[in-house]
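S.K.: Input: one structure, supplied below.
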Ligand code: PMP
């Protein structure tokens with residue numbers, strides 16, 4: 001089957017969510033994927049910042065194979081060892097005292113869990129941010145601050161106010177003693193890798209504490225090493241009341257988590273929230289392999305080093321189409337002078353690189369955490385040619 005043939009099949013069999021995809025991917029190894037026609041690509045999309053260890057990492061293959069042959073599913077009516085160990089590991093790595101974990105299957109579900117938890121405070125007002133992305137289920141969408149995604153589905157959950165991202169004064173003006181929570185991404189991923197001022201999370205911590213509101217940090221995209229630390233809130237030197245994880249956590253298997261700290265962790269009474277597949281042992285075994293490999297292969301340091309090289313390399317380019325670069329670790333964005341990101345991504349694809357046009361004038365680079373210096377160099381060497389090829393097409 002060619003990519004083209006599959007496109008036709010896709011159009012008649014699958015609902016269109018992001019637009020018709022061009023490529024059928026058939027294999028992956030490390031940071032390289034292969035399509036149905038045998039073309040190879042260096043993968044800087046990584047299943048939307050998901051495959052933390054790249055594709056088909058031997059540690060994940062071994063962990064999943066063993067677990068699926070031992071015990072594939074239990075539900076939460078029973079304890080399973082991988083989920084229990086994973087919860088303990090996450091609490092240990094995050095350094096939160098008295099934390100507790102609820103596992104689910106996606107980022108949106110982790111956010112839904114956090115949102116429902118905020119209702120258990122007895123307050124209903126929640127503050128979120130313009131441009132923020134928290135998922136597409138009705139609750140998560142209510143927190144999402146992107147009008148194009150919200151409007152077709154209104155009315156959404158009431159009580160959510162959106163304020164300017166990165167603006168401490170805006171939060172100070174909106175937050176009050178009726179506020180249940182402030183929900184925020186450490187870096188806005190889907191909005192184009194928007195990095196807030198350095199002291200933003202610290203100020204948010206201070207203001208939420210002052211008003212007895214929960215600080216909910218959505219680490220679905222930034223957590224599990226992507227910014228060069230286990231969790232982005234650690235870089236700000238704060239502890240949230242709740243944080244959400246998904247994407248990189250399962251290394252490619254569907255797994256989300258909502259972690260709550262202190263008294264917040266006990267706000268649900270038995271029977272108030274749950275999900276059949278949450279904490280599935282196969283997904284949790286994969287996640288344990290992700291955490292172990294990040295440690296044994298020193299990937300947090302590697303993400304910081306390679307991320308810095310990528311960033312500086314793009315800064316040095318001085319290509320007329322490029323306005324600049326932003327982001328941290330291996331969550332970076334190339335800012336374009338014009339809204340041509342889809343064309344640049346298409347030119348990159350022809351040259352053997354997958355990159356994501358996350359906003360019309362922003363390209364997101366989110367390679368796997370195992371992305372090496374050589375691979376970064378390969379991408380940097382090709383980028384000027386990719387940009388030139390885009391110009392020629394216009
Ligand atoms: N929160 C954030 C910060 C995200 O980036 C995303 C996904 N892009 C989500 C939530 C939703 O995750 P999912 O697509 O797994 O539901």
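From the backbone N, Cα and C atoms, a Cβ is placed for every residue, glycine too.
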S.K.: Kindly point out which candidate in 133, 153 is recorded by TrEMBL as part of the pyridoxal 5'-phosphate site with 107, 108, 218, 219, 220, 221, 276.
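M.R.: Answer, per TrEMBL (pyridoxal 5'-phosphate site with 107, 108, 218, 219, 220, 221, 276), from 133, 153: 133.
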S.K.: Where ligand 1 binds, which of the binding-site residues 219, 220, 221, 276 are close by, with Cβ under 6 Å?
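M.R.: Among the binding-site residues listed, those whose Cβ sits under 6 Å from ligand 1 are 220, 221.
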S.K.: Per 10 Å Cβ neighbour count, which of the binding-site residues 221, 275, 276 ranks highest?
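M.R.: Counting every other Cβ within 10 Å of each candidate, the maximum falls on 221.
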S.K.: Among the recorded positions 136, 247, which residue has the largest number of other Cβ atoms within 10 Å of its own Cβ?
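M.R.: Comparing the recorded positions 136, 247, the most crowded Cβ belongs to 247.
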S.K.: I'd like to know which of the binding-site residues 218, 219, 276 sit within 10 A of residue 136 (N(2)-acetyl-L-ornithine binding site) at the Cα level.
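M.R.: Within 10 Å Cα-Cα: none.
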S.K.: What same-chain residues, at least 6 away in sequence, bring their CB to under 8 Å of the CB of residue 220 (pyridoxal 5'-phosphate binding site)?
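M.R.: When sequence neighbours closer than 6 are ignored, residue 220 (pyridoxal 5'-phosphate binding site) has 107, 110, 111, 134, 135, 244, 245, 246, 247, 256 within Cβ distance under 8 Å.
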S.K.: When neighbour density is defined as the number of other C-beta atoms within 10 angstroms of a residue's C-beta, which of the binding-site residues 218, 219 has the lowest density?
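M.R.: With the binding-site residues 218, 219, fewest surrounding Cβ atoms within 10 Å: 219.
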